[in-house]
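Report on one structure; see the data block that follows.
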Amino acid sequence: MKKLYGVIGNPIGHSMSPDIHNASLKDLGLDGHYHAFKVEENDLEDAVKGIRALGVQGINVTVPHKVSIMDYLDHIDESAKVLGAVNTVRREGDKLVGYNTDGEGFVKSLMKVLDKPISELSFLMIGAGGAARAIFTTIVRNTPKKFDICNRTLEKAKRLTEATPSFHNKEVLSIKEAEERLEQYDVIIHTTSVGMYPNVDDVPLSLQRAASSAVVCDIVYNPIQTALLKEASQKGLKTLDGVGMFVEQAALSFQLWTGQEPNIEKMRSIVIGKLGGTEC
């Protein structure tokens, strides 16, 4: 009998997860199917009961359920406990266990463009939401030289820095302060929705003072090359688009469910094809 996998969220109609996971199942000769399920917030508990009853082997969790689903699972892995959010659920016997692959997915994509270890680099992150939390806590485990956060709401950024009390080389900045200090950073990571379709001309901050050796990352992947990444490319800076994080976190979920490693480059090609884009 086919094993069933899927993604739950709302909205979910434009999810590319079924495309990449079904292609990976087919490539590896695994008898399974991955389906997108639209689940309203007030239907989440019933949806989890359905997942149990139907014997679903694995589920990805997206907006708005990443936090609330934790109430309905049997166990939460340390990766998700630290973040206070779940993006992957795996059936383990008769138990449903929650994981989070977002932070590790970003770091895996980042490591492909770095020429130094994280411990030798200074980071600036723009944003303090759920994705920012995953990225910050994962990178900090690798003890960077410095990791500052800038956000429109300083209090929200401050709360995020407090999630890692043992890491001290961190500071909360306004956007203006970050722009003035930009030359200090080796890696600049944008984690908000600024520049996402349809507002494709928006940028979160100016890269005017960025160091010539800086790497600029944007987790937005629609468009693939955001206005921020275009500005970085025009300055001759190395860039990392959001497709990398999306594909790497998906691959980690796939491995959790099947024990097998999917073809990352094929996943990436599918996503780029669906977006109608080209590589940066």
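Using N, Cα and C of the backbone, Cβ positions are placed for all residues, glycine too.
Source: prediction; values computed, not measured.
Some features that Swiss-Prot has for this protein:
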BINDING   SER15, MET16, SER17, THR62, ASN87, ASP102, TYR221  shikimate binding site
ACT_SITE  LYS66  active site, proton acceptor
BINDING   GLU78, GLY127, ALA128, GLY129, GLY130, ALA131, ASN151, ARG152, THR153, LEU154, GLU155, LYS156, ILE219, GLY242  NADP(+) binding site
Within 10 Å of GLY130 (NADP(+) binding site) by C-alpha distance: pick out those among the recorded positions SER15, MET16, SER17, THR62, LYS66, and say none if nothing qualifies.
LYS66
Which ones, of the binding-site residues ALA128, ASN151, GLU155, ILE219, have a Cα no more than 10 Å from the Cα of ASN87 (shikimate binding site)?
none
Cα separation, ASN151 (NADP(+) binding site) to THR62 (shikimate binding site) (Å, whole number):
23
Remaining residues near the recorded shikimate site, that is with C-beta within 8 Å of the centroid of the site residues SER15, MET16, SER17, THR62, ASN87, ASP102, TYR221:
VAL7, ASN60, PHE246, GLN249, ALA250
Residues SER15, MET16, SER17, THR62, ASN87, ASP102, TYR221 [recorded shikimate binders]: greatest CA to CA distance in Å:
18
Within a 10 Å radius around the Cβ, which one of these binding-site residues has the most neighbouring Cβ atoms: GLU78, ASP102, GLU155?
ASP102
Tell me which residues of the chain lie with their Cβ under 8 angstroms from that of THR153 (NADP(+) binding site), as long as they are six or more apart in sequence?
ALA128
Number of Cβ atoms other than its own within 10 Å, given for GLY130 (NADP(+) binding site):
18
By a simple count of other Cβ atoms within 10 Å, which of MET16, ALA128, ILE219, the binding-site residues in the record, is least packed?
MET16
Using a 10 Å cut-off, grab the number of neighbouring Cβ atoms around the Cβ of THR62 (shikimate binding site), all chains included.
17
When you tally the Cβ atoms that lie within 10 Å of each candidate's Cβ, which of the binding-site residues (SER15, SER17, ASN151) has the highest tally?
ASN151
Sorry to bug you, but what's the C-alpha spacing from LYS66 (active site, proton acceptor) to GLU78 (NADP(+) binding site), rounded to the closest Å?
15
Given ASN151 (NADP(+) binding site) and MET16 (shikimate binding site), what distance in Å do their CA atoms have, once rounded to a whole number?
29
